[in-house]
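A.B. asks: Checked TrEMBL, it gives:
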DOMAIN    1-256  domain 'F-BAR'
REGION    285-306  region 'Disordered'
REGION    326-358  region 'Disordered'
COMPBIAS  330-339  compositional bias 'Pro residues'
DOMAIN    396-473  domain 'REM-1'
COILED    403-430  coiled coil
REGION    481-522  region 'Disordered'
COMPBIAS  505-522  compositional bias 'Basic and acidic residues'
DOMAIN    542-603  domain 'SH3'
Amino acid sequence: DQFDNLEKHTQWGIDVLEKYIKFVKERTEIELSYAKQLRNLSKKYQPKKNSKEEEEYRYTSCKAFLSTLNEMNDYAGQHEVISENMTSQITTDLARFVQELKQERKSNFHDGRKAQQHMETCWKQLESSKRRFERDCKEADRAQQYFEKMDADINVTKADVEKARQQAQIRHQMAEDSKADYSSSLQKFNQEQHEYYHTHIPSIFQKIQEMEERRIVRIGESMKTYAEVDRQVIPIIGKCLDGIVKAAEAINQKSDSQLVIEAYKSGFEPPGDIEFEDYTQPMKRTVSDNSLSNSRGDGKPELKFGGKSKGKLWPFIKKNKLVSLLTSPHQPPPPPPASASPSAVPNGPQSPKQQKEPLSHRFNEFMISKPKIHCFRSLKRGLSLKLGATPEDFSNLPPEQRRKKLQQKVDELNKEIQKEMDQRDAITKMKDVYLKNPQMGDPASLDHKLTEVSQNIEKLRLEAQKFEAWLAEVEGRLPARGEQARRQSGMYDGQGAPTANSCAQDRESPDGSYTEERSQENEVKVLATDFDDEFDDEEPLPAIGTCKALYTFEGQNEGTISVIEGEILYVIEEDKGDGWTRIRRNEDEEGYVPTSYVEVYLDKNAKDS
């Protein structure tokens with residue numbers, strides 16, 4: 001008899017189930033969001049390709065961090081698995097179950113309502129037959145009383161009495177019929193009521209109870225599944241954490257230190273001892289095998305090329321000492337004279353003021369006493385670096401770093417050669433197929449491609465040979481890693497010449513400078529014989545034209561050359577925008593003159609080449 005309360009309770013149960021579904025759905029969204037944030041975090045700190053960061057991941061500590069990022073990515077994947085499993089095993093199934101539950105509940109309560117309506121109909125029929133029976137009984141009683149009254153009255157005719165008697169009989173018959181109908185309706189109602197309360201309603205309530213119990217069991221199973229989904233990924237998450245721990249334990253500080261050593265070692269020898277300069281004795285300030293540097297008290301250690309010490313003092317040398325040897329003068333060129341008379345011609349650009357130190361005196365005297373012969377290869381390389389270009393042979397790097405770069409370049413070229421050879425083999429095979437099966441294609445159409453690939457291979461091989469030659473040169477100059485000091489000493493002693501045996505060697509510096517800019521940081525003393533021996537192997541720069549001196553110019557500064565009005569000379573380097581032109585008189589004399597002092601005639605073919 002609690003039909004309405006049951007209806008409210010079952011609706012509440014469905015609402016509880018839907019609320020749990022919503023809870024699980026929000027949990028899956030949180031898991032997905034968490035996984036996405038973890039992936040973004042891992043991606044954010046991943047090294048960028050072809051960047052400096054990628055090189056840093058050679059170190060074990062950085063490798064461990066990279067492993068941590070990768071494990072975090074897998075960790076995020078497990079949270080995505082949690083979300084997917086909860087969605088498929090809980091949310092989707094429960095949503096479908098709720099729909100079935102609603103449909104079943106609707107059907108059960110519809111049957112209950114139908115049974116209730118049938119009972120109400122039966123009750124109404126019983127009430128109707130009961131009222132009709134009551135009415136007929138009253139009518140029959142009144143008809144009987146009227147008949148008795150007519151029969152007792154002597155003034156009433158016999159016909160009226162007979163009519164009243166018949167009417168009373170009819171009413172009695174109707175009352176009997178109503179009684180029978182009422183009795184039948186009552187019996188039927190009692191039977192329907194018995195079936196309603198003992199059969200129909202218990203059956204419907206039993207179905208509702210089973211439905212409600214299934215809902216309760218299902219929500220319990222979903223909660224267990226909720227926990228199991230989390231439990232299933234715990235071992236994998238544990239493995240991710242174990243991977244992070246393993247990567248952390250793999251960090252090797254000694255290995256990282258060795259990588260730093262290999263990455264930054266220059267291949268230079270430690271510097272030799274600095275010799276004592278005795279200023280108490282008068283000194284003849286000419287070029288000698290003695291020290292070139294300033295006094296030790298000035299913090300400028302000397303650098304020797306001709307003594308017993310084989311070391312180089314590149315890290316300790318100051319700037320603005322050797323730059324004038326290898327580059328054009330830094331001062332702006334003098335304006336052309338107003339007239340061609342010697343008195344009107346200035347003596348050229350003024351040198352920057354320098355303290356009259358022993359090094360500068362000896363260096364100037366040496367440069368005056370000896371023709372100014374420059375290391376032209378260094379000059380050319382230095383000027384190219386000034387313009388922003390990188391030397392093709394990586395000569396701007398220290399020996400060890402240069403060797404690594406050249407080895408890397410050789411490996412890259414070999415890979416490209418192998419790639420081109422594979423392509424050539426593939427084209428050759430395709431050509432063979434075309435020859436055997438002309439319908440598949442024209443073999444002649446591949447000749448152009450084959451020729452092009454062969455030319456590429458030849459170019460790459462020439463390029464590889466060039467870099468291999470440079471690499472062989474560097475490796476021949478570098479000592480073996482385990483016998484560095486011994487081999488360097490033997491190599492230099494065996495040459496029987498001063499340490500500065502080649503301009504290319506002497507311009508190497510620890511910070512990777514072989515160039516003119518780096519040479520500004522060195523103050524060196526070079527013997528005249530060293531220059532003579534060195535430049536025998538140097539290739540002079542080709543002339544790109546001729547020039548005629550418009551005025552007389554007295555080149556009194558380092559790097560300049562004197563010219564006489566009307567003199568014809570060779571041009572070997574154009575004005576780079578600094579107002580100076582580089583010219584040559586003969587093989588031993590070349591230098592810079594102000595561009596405004598000469599009239600230049602460039603050779604068009606030489607300039608184009």
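Including glycine, each Cβ sits where the backbone N, Cα and C put it.
Bear in mind that TrEMBL entries carry predicted annotations, made automatically and left uncurated.
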A.B. asks: In the domain 'REM-1' (396-473), how many residues does DSSP call helix, how many strand, and how many coil?
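C.D. replies: Residue counts for the domain 'REM-1' (396-473) by secondary structure: 72 helix, 0 strand, 6 coil.
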A.B. asks: Report the mean pLDDT of the predicted model across the domain 'F-BAR' (1-256), rounded to a whole number.
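C.D. replies: It averages 90.
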A.B. asks: Just give the helix, strand and coil counts over the domain 'SH3' (542-603), going by DSSP.
C.D. replies: 3 helix, 32 strand, 27 coil
